[in-house]
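Novice: Let me begin by handing over the structure; questions about it come next.
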Number of protein chains: 2
Amino acid sequence: MRNIKLTIEYDGSNYKGWQKQPTEISIQEIIEDAIFKITRDKVKLEASGRTDKGVHAFGQTASFFTNSDIVKYKLIRGLNSVLPDDISIRKVEEVNSEFHARYYAKGKSYKYIIYNSQVRSPIYRNNAYHVPYKLDMNKFRQNVNMLIGTHDFTSFTSIKEGTDNKIRTIYSIDIEQKNEVIELTFKGSGFLYNMIRIIVGTLVDVSRGRIKSNIEEIIDAKNRKRAGITAPSHALYLMEVYY
Amino acid sequence: MRNIKLTIEYDGSNYKGWQKQPTEISIQEIIEDAIFKITRDKVKLEASGRTDKGVHAFGQTASFFTNSDIVKYKLIRGLNSVLPDDISIRKVEEVNSEFHARYYAKGKSYKYIIYNSQVRSPIYRNNAYHVPYKLDMNKFRQNVNMLIGTHDFTSFTSIKEGTDNKIRTIYSIDIEQKNEVIELTFKGSGFLYNMIRIIVGTLVDVSRGRIKSNIEEIIDAKNRKRAGITAPSHALYLMEVYY
């Protein structure tokens, strides 16, 4: 059997997230249906990880096994011709049979976009988090630096999360600011459920003075209650999965 | 009477352009209605210029006369509370009685976003022009340079345009490329009807080899037929009006 890896872009606005669900429309289901239309093969897509309701991706990855002998360029064209406007396949690769989009992932990068202005933005309304408060950007940067490295991120994940090991490594967080728009790019070994959204919510709360502790103290507390709000999903983008 | 200048951001997707029309919904009408709701004054907004159906703005300007004595911060808050999600007022200023948003404008800047990839982009689908052809970016840059300066831009405007004087000055065109995204920022004394969209369409046609002449020859021809297609409106943003 062939093992096919897809690199996928999507606007998550209209979906209940990546993962297939009994009653709601998921991105996984839409792509599995498209693969069926093109190859007549009922496959199961294994993604690098779930993305939540509303989260977008420039470079989600997923793989599937198939007996179809369709050539790669016909598969990508075929899939993009039947997929809706808000999902596209950017790349099709044939990988060895051991490859698994989740277990083989060595790291990921995400982008989070903050729109920081008293006035709401019509143009950024669907893809950035509107923060109407004044932020102390020095404090913001100092606290961002405290996140880099290997830490137990228990304070920065939702209680629903079942995995025991909450230790993750953040390699870098780049901050790019252009007028009202603050783009944060996270690179790390992996991220816990809601981790980036809680980190962003906490950075905002700390930089506007709503939370008095700093990120280091909040990490040390290992307590979700010490962190800030979960920032909205529509401003989060899965950029790339590293193998 | 007070003369009030507004700086306005909008997502033009849902409107038939800036200018008030008898049967279609325009941005001008929506804002005039909002001003009436807040000040009870039926005003006529004078913009820096029309934007076409689908065109967006980060910094459109418009002014109006009013007898209302509402203070500026209440006016901006009031307007933003009654305006729809896709329009916002970014700034309210009181200007002298001679000020006119169009006649006083000394220049404008626009941004145009091209998405250059064989594969369509879900995330950029509503705000960039998808160009699936390979572009020769050296040729693109060379031809961009031929546009800078004062020229008769007859070849780059739609025939509908009535003004006799088609001489305009382009101060600069910045090209910022990041992977598939090419952002062009135009600064100039003013732009003719559809001028930027025809310039972009022509740059694309020249850089993909569909048009053999270069921009200099097309300018010299003073003939719309020698230029390329009119690139779509949804990728064009009025960034700033200079006074």
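The backbone N, Cα and C atoms fix where each Cβ goes, glycine too.
Just lifted these from TrEMBL, have a look:
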| type | residues | note |
| --- | --- | --- |
| ACT_SITE | A:D52 | active site, nucleophile |
| BINDING | A:Y110 | substrate binding site |
| DOMAIN | A:8-103 | domain 'Pseudouridine synthase I TruA alpha/beta' |
| DOMAIN | A:145-243 | domain 'Pseudouridine synthase I TruA alpha/beta' |
Novice: DSSP says what for the domain 'Pseudouridine synthase I TruA alpha/beta' (A:8-103): how many helix, strand, coil residues?
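Specialist: Tallying H, G and I as helix, E and B as strand, the rest coil: 27 helix, 25 strand, 44 coil.
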Novice: What is the number of residues in the domain 'Pseudouridine synthase I TruA alpha/beta' (A:145-243) that are helix, strand and coil, as DSSP sees it?
Specialist: 32 helix, 31 strand, 36 coil
Novice: Once near-sequence residues are set aside, which residues in the chain of the residue listed as 'active site, nucleophile', 6 or more away, have Cβ atoms under 8 Å from its Cβ?
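Specialist: Same-chain residues close to the residue listed as 'active site, nucleophile' (Cβ under 8 Å, separated by 6 or more) are A:G17, A:N194, A:S233.
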Novice: Please state whether DSSP places A:Y110 (substrate binding site) in a helix, a strand or coil.
Specialist: strand
Novice: Could you list the residues of the same chain, at least six apart in sequence, whose Cβ is under 8 A from the Cβ of A:Y110 (substrate binding site)?
Specialist: A:T185, A:F186, A:F191, A:I196, A:L236, A:Y237, A:L238, A:M239
